[in-house]
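Asks: Quick one: this structure, given as structure tokens, is what I'll be asking you about.
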Amino acid sequence: MEKYILSIDQGTTSSRAILFNQKGEIAGVAQREFKQYFPQSGWVEHDANEIWTSVLAVMTEVINENDVRADQIAGIGITNQRETTVVWDKHTGRPIYHAIVWQSRQTQSICSELKQQGYEQTFRDKTGLLLDPYFAGTKVKWILDNVEGAREKAENGDLLFGTIDTWLVWKLSGKAAHITDYSNASRTLMFNIHDLEWDDELLELLTVPKNMLPEVKPSSEVYGKTIDYHFYGQEVPIAGVAGDQQAALFGQACFERGDVKNTYGTGGFMLMNTGDKAVKSESGLLTTIAYGIDGKVNYALEGSIFVSGSAIQWLRDGLRMINSAPQSESYATRVDSTEGVYVVPAFVGLGTPYWDSEARGAIFGLSRGTEKEHFIRATIESLCYQTRDVMEAMSKDSGIDVQSLRVDGGAVKNNFIMQFQADIVNTSVERPEIQETTALGAAFLAGLAVGFWESKDDIAKNWKLEEKFDPKMDEGEREKLYRGWKKAVEATQVFKTE
């Protein structure tokens, strides 16, 4: 009887369940979207119960649609949108407020106040993160400060906090397991990534009671079992957890120090495995935990690109220059270059290494001869220039020259982007056969814990290359193009509307 690992990929707009066999191949997929709530400008929220319902639905669907029995599931892995915060009543199981999503800016004033009080470096040193509304800690504080009676309940031990992984494990296990893993804990602003413990000083600054917090566990371990009424009478081990970007790093088999993956999603996320050393960044990168396994943790440097694949969506939906995302490739290849045109897609500011929230998108180098093809090519080249910005920051901070770049996300299907990426970073770009690397990473972590796979070496054999793109551009051309990009970014940062 063939066995499978069931991977739950709980994302920002949808929940997915994917079955993987022992070769790491996909045996079934189910997906369900859920509602986004925008109560005020800049606020983004989810209903945690709707997320839970969507997860139950896709788990049921993927099993039923693929004629798999529940007793064929060897283990469950969970990967999740990171930082999104749920606070719930531990007796009723009901959230006391919507889940506050990672994108939400409603805690900006809390961050600003802590910065004014001089605590930014304290948080940076202990957590590797910036004092930003992006991370979970200020979201918990906001809920406790703004929901009537919440703080009193929390202090009495009646409330629990969790990121989405914690919420799902608690529900799946029938309220038995209140846990998170090292990778998710490292995104909360409350976890000391050096001591590997919740930090009392940070909790005091955020006024968050410690009794709300989940137990922090390795990313690959049996945390509990599904309660039988959720899983066709079966008690299936819940055995692997990692935040989405860390799961993608693991799914790309980036197990060695210096291994790098880049995800081209709506935004872009690059992670470098820095081994057992937490590298302090001088270049605006985040220092974070990659995963905890085999009794130790691996650290990572992370760079964020705010606009990646969404630049192609903008060409399609905003400017209506293309009818579909794949069409961007055919337009881009109709011309030999952009003829000096640069698009800086700073629609919501610039991420790593600039961290300029006030910058806005700009276009440079237009002439009477500029055509649609040049504009489209310049827009999709911007994904690759931004990736080089982050990669150079990583090499500078870590002292490691990147030997190859493993890639995933929607834009990797575009061969033009992949080749231009290899050219502009002067490094081989490796596109895997299975591009569902986030879900695969969670499956690998769960599979290791239940003996479905024996070791990381066993897993590495399952990673298969679909295509390798080697750099073909000469050095002079590469540096000339990149100098132009740096000038364009500089000009973008100078131009600020009032």
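Using the three backbone atoms N, Cα and C, a Cβ is placed for every residue, glycine included.
Small disclaimer: the values here were computed from a predicted structure and weren't measured.
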Asks: Looking at ADP binding as recorded in Swiss-Prot, which candidate out of T60, T263, T266 goes with T12, R16, G309, G410, N414?
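Replies: My reading of Swiss-Prot gives T266 as the candidate in that site.
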Asks: Based on Swiss-Prot, name the residue from Y37, Y134, Y291 that is recorded for the same glycerol site as R82, E83, D244, Q245.
Replies: Y134
Asks: If you measure from the Cα of S14 (ATP binding site), which of the binding-site residues Y134, D244, Q245, G309 is the nearest?
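Replies: Sorting the binding-site residues by distance from S14 (ATP binding site), the top entry is D244.
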Asks: Taking each of the binding-site residues R16, R82 in turn and counting other Cβ atoms within 10 Å of its Cβ, which one has the fewest?
Replies: R16
Asks: Checking your reading of the structure: which of the binding-site residues R82, E83, Q245 lie inside a 10 Å Cα sphere centred on T12 (ADP binding site)?
Replies: R82
Asks: Out of the binding-site residues R82, E83, D244, give me the one sitting nearest to R16 (ADP binding site) by CA distance.
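Replies: So, spelling it out, the nearest of the binding-site residues is D244.
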Asks: Spatially speaking, which of the binding-site residues Y134, Q245, T266, G410 is closest to T13 (ATP binding site)? Use C-alpha to C-alpha, please.
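Replies: For T13 (ATP binding site), the closest Cα among Y134, Q245, T266, G410 is found at T266.
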Asks: Using CB atoms and a 10 A radius, I'd like the single residue among the binding-site residues S14, Q245, T266, N414 with the highest neighbour count.
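Replies: Of S14, Q245, T266, N414, the one with the most crowded Cβ is Q245.
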